[in-house]
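In what follows, a structure is listed as structure tokens, so that the remarks can point back to it.
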Amino acid sequence: MNFTGAHILSIQQFQREDINRIFDVADAMEPYALRRRVTRVLEGAILGNMFFEPSTRTRVSFGAAFNLLGGNVRETTGFESSSLTKGESLFDTARVLSGYSDVICMRHPAAGSVAEFAEGSRVPVINGGDGPNEHPTQALLDLYTIRKELRSKGRGIDDLRIAMIGDLKHGRTVHSLCKLLGLFNNVSITLVSPKELAMPDYIVEDLRQAGHKVTITDDLPTSITHIDIAYSTRIQEERFASKEEADSYRGRFRLNQAIYTQFCEPNTVIMHPLPRDSRAEANELDNDLNTNPNLAIFRQADNGVLVRMALFALVLDVADQVDKYAREVRWFSSLRAN
């Protein structure tokens, strides 16, 4: 894939060599993310951060990644502050706003909306999530995290055993991650959810046609006994008809330390795309896992900055120039100290 000037809209754009290229560049970004060095390689460049759906981590992570490369960020959040409320099309919005930016990150609640926006854009557009469809940068950072966690244990992604747990129907992160995992060899995927929240059939079929083993179950304990990764997801309350309907599923697939100790292998890595619902009745990861060294959710979030830095460097064609515009850091940073 030629990254220069490219839109990043779907995981299906990538081949395995493209993934390796992104991850190699992400590895090279670590000194900058940890404030050991600073670079001005994107000095003068502008990121248009356009989020028409609530976001904290993804929006701030994109902004931080661009800032760490020396660029500037302009934010647009919510429909109420945009001309879309006046009937303006996504194409027209893109045509105008792309004149104010060098690259745009966009999140929108409608599936396919970011691709529609990209058709009108004169600059690269990166999909920050389009409704229940895809979240390609989250899938990339998830896979990057899996690679780093398994590498520390002397493993690779091939022959991975992973359980995906929770709302697999509405969770765009698991949709995109499954598509990425399809590029690797001999992956075993266990899908753990109530049947009403099951992974879409077409994703399951694509994985099986690619030669991967897919198991579908609603039993949490038996699904996590022989896995490398437990990937939990939240109930996507905003995609249900009512809060009561969403609440009916809470607590059924909650992973806590007692269940982990009883059923998981000692090195099983725990992941979650965040935000997690930490309330006692919620469906996700209990707070008593916070001291478990295999809880990777915060390392996962940190990795998002590295992967997004890599994507910006690649689509703006500066991946090989980052060090040229670097210098040592002058200020104290707790991140660097750790």
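Even glycines carry a Cβ here, placed using N, Cα and C.
Owing to the predicted nature of the structure, the values given are computational and were not obtained by experimental measurement.
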Listed in Swiss-Prot for the carbamoyl phosphate site shared with R57, T58, H135, Q138, L274, P275, one of R21, R107, R299: R107
Cα-Cα distance linking R172 (L-aspartate binding site) and H135 (carbamoyl phosphate binding site), given in Å to the nearest integer: 6
Sparsest Cβ surroundings (other CB atoms within 10 Å) among the binding-site residues R57, R107, R172, R234: R57
Same chain, 6+ residues apart, C-beta under 8 Å of the C-beta of P275 (carbamoyl phosphate binding site), given in sequence order: T56, R57, R234
All-chain count of other Cβ atoms within 10 Å of H135 (carbamoyl phosphate binding site): 26
Chain-internal residues near T58 (carbamoyl phosphate binding site), provided their CB is under 8 angstroms and they sit 6+ positions away: F51, R107, G128, G129, H135, T137, Q138, G304
Cβ atoms near L274 (carbamoyl phosphate binding site) (within 10 Å, other residues, all chains): 18
Sorted by sequence, non-R57, T58, R107, H135, Q138, L274, P275 residues with Cβ within 8 Å of centre, carbamoyl phosphate: S55, T56, S61, G128, G129, T173, P273, G304
